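This structure is in structure tokens; I'll ask about it shortly.
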Amino acid sequence: MAEGGSLRNRTRFGSRSNEAMNHVDYPDENFVEEIQLNSDTEVMEKPRPIQIVLAHEDDHNFELDETALESILMQDHIRDLNVVVLSVAGAFRKGKSFLLDFMLRFMYSQSSSWIGGNYEPLTGFTWRGGCERETTGIQIWSEVFVVEKPDGSKVAVILMDTQGAFDSQSTIKDCATVFALSTMTSSVQVYNLSQNIQEDDLQHLQLFTEYGRLAMEEIYKKPFQTLMFLIRDWSYPYEHSYGLEGGNKFLEKRLQVKQNQHEELQNVRKHIHSCFTNIGCFLLPHPGLKVATNPYFDGRLVEIDDEFKKELRELVPLLLAPENLVEKEISGSKVTCRDLLEYFKAYIKIYQGEELPHPKSMLQATAEANNMAAVAGAKDTYSRSMEQVCGGDKPYIAPSDLERKHLDLKETCIKQFRSVKKMGGEEFCRRYQEQLEAEIEETYANFLKHNDGKNIFYAARTPATLFAVMFAMYIISGLTGFIGMNSIATICNLIMGLTLLSFCTWAYVKYSGEFRELGTLIDQIAEIIWEQLLKPLSDNLMEDNIRQTVRNSIKAGLTDQVSGRLKTN
């Protein structure tokens, strides 16, 4: 590719009739589209991987580099083209970037020898040998390839590289977010696995795709498009041959739902089938010991086993040949580069917020379920025991006795919770014990209200309060009317009428069960009047009466003593 005012070559792949599903014929140079760029307005940079989703390790959050993404997707010649996004995801240090660089060779090539020369170093997405992660966040290649499909339509092809999952610095949420984002925005997701498809690989796929499906506002049939299982270092060609045919037979067995399978295993497989429109599998051999053990390996084909190169020549065209390209769709509609930019912005906001639940490790999820079950068991014990004390068919019990029973049962239930074997450790379990105590107190408050409702005096508080208000207003109205204070008498009559209307309404609500909110409001107003006015007044009157009674008793006692002494003298 030339820079500045030179011509940019973009590869066009023609299609001819092929005898096998994987066979691809390569075009001659007449199919290469040349795009003239104005050197005065655009300075071409060397194509390179561009970081579009940044990973912040300190707070385990992700940020979209909108400027970088916009500079790629909003170029004049591609922004209104339908987009094809091929993403490679999977565990870290399994060769995702290495594979993508061969895809770049295919996209830039103009001949059937796209795989390159034997002594040509592999360049493109950064990769290296070793055990430490290389890629973080999400990267895309800065060069968007415009390809003409067999039907004559042009599409924009984007290659995406993702942060490897399950490294020592990433949480389950980090892994789920990266995988979900790449799956939601890609039309083909290559799930890069090593040696085999393990059950935990399927479980992680279920978790990650469900995390992506939660973030999508509308689900149109199956939310995602094509999933390609790529099994690297396949060691059993005598059972299933390398390539697509052997891979699909192997995958069919792995994803088969059997009657004798455990329900959990069946659900995993059903979920995966429900998420993707197309699912395939490709078996790729090991690239050779020189690749695995040479610290200076730079991708030269001479050091790669011939069997690997043979299958690689089948795999890459299978994904990227013009007749095999899968255009990105969301909710049944084709997505352009311009649309993809907006979807990226919308999706990253969802994952930056707190609307979605946080994915958890298997240990944490199991520990939570274990502790929640212990909480539920202890709370059930408390509720059943309290039902025996003050349930619906039990008579009213004194509040002091009820509180004493509550405290005894609470202590018993906490002991029951502690006695259950739980995962997570003491600190983890303490949070659930505090949750249990709070829920028991909340349940006790409900039982207390239910018990108060059985108290005939408590049940009669509202009508008694309303009658007291009406009686008081009647007396005050009569007195103020008698002495000529007619305005006050009128106000008292108005209050008395409103109180009478409230009483009739309350009686209707209790009888019919309708307008319960209105009945509750009347009860609350009556309770306020009782607590703030009538109860303090009655307490004062009672205190005065008791004080006067005590005074009279003392006076009578003293009088009797004095009289007795006088008689004695």
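Glycine too: its Cβ is placed from the backbone N, Cα and C atoms.
Pulled the feature table from Swiss-Prot, pasting it below:
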- 1-49: region 'N-terminal hypervariable region (HVR)' (REGION)
- 1-464: topological domain 'Cytoplasmic' (TOPO_DOM)
- 80-324: domain 'GB1/RHD3-type G' (DOMAIN)
- Arg93, Lys94, Gly95, Lys96, Ser97, Phe98, Arg232, Asp233, Val291: GTP binding site (BINDING)
- Arg93, Lys94, Gly95, Lys96, Ser97, Phe98, Gln163, Arg232, Asp233, Val291, Asn294: GDP binding site (BINDING)
- Ser97: Mg(2+) binding site (BINDING)
- 244-272: coiled coil (COILED)
- 362-453: region '3HB (three-helix bundle) domain' (REGION)
- 454-462: region 'Linker' (REGION)
- 509-569: topological domain 'Cytoplasmic' (TOPO_DOM)
- 535-569: region 'Autoinhibitory domain' (REGION)
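Show me how these features fit into the structure around them.
Confidence in the region 'N-terminal hypervariable region (HVR)' (1-49), given as mean pLDDT, stands at 41.
Look at Asn294 (GDP binding site): DSSP puts it in coil.
In the three-state DSSP classification, Ser97 (GTP binding site) falls within a helix.
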Just to verify a number: CA distance, Asp233 (GDP binding site) to Gly95 (GTP binding site), in angstrom, no decimals.
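Roughly 11 Å, rounded to the nearest whole number.
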Do me a favour and check the Cα-Cα span between Arg232 (GTP binding site) and Asn294 (GDP binding site); whole Å is fine.
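Arg232 (GTP binding site) and Asn294 (GDP binding site) have their Cα atoms 18 Å apart.
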Between Ser97, Gln163, Arg232, Asp233, Asn294, which of the binding-site residues has its C-beta surrounded by the fewest other C-beta atoms within 10 Å?
Asn294
I'm trying to understand the geometry here, so how far is the Cα atom of Gln163 (GDP binding site) from the Cα atom of Ser97 (GTP binding site), in Å to the nearest whole number?
10
DSSP secondary structure for Arg232 (GTP binding site), reduced to helix/strand/coil, please.
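Note: Arg232 (GTP binding site) is in a strand by DSSP.
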C-alpha of Gly95 (GTP binding site) to C-alpha of Asn294 (GDP binding site): distance in Å?
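Rounded to the nearest whole number, the Cα-Cα distance is 15 Å.
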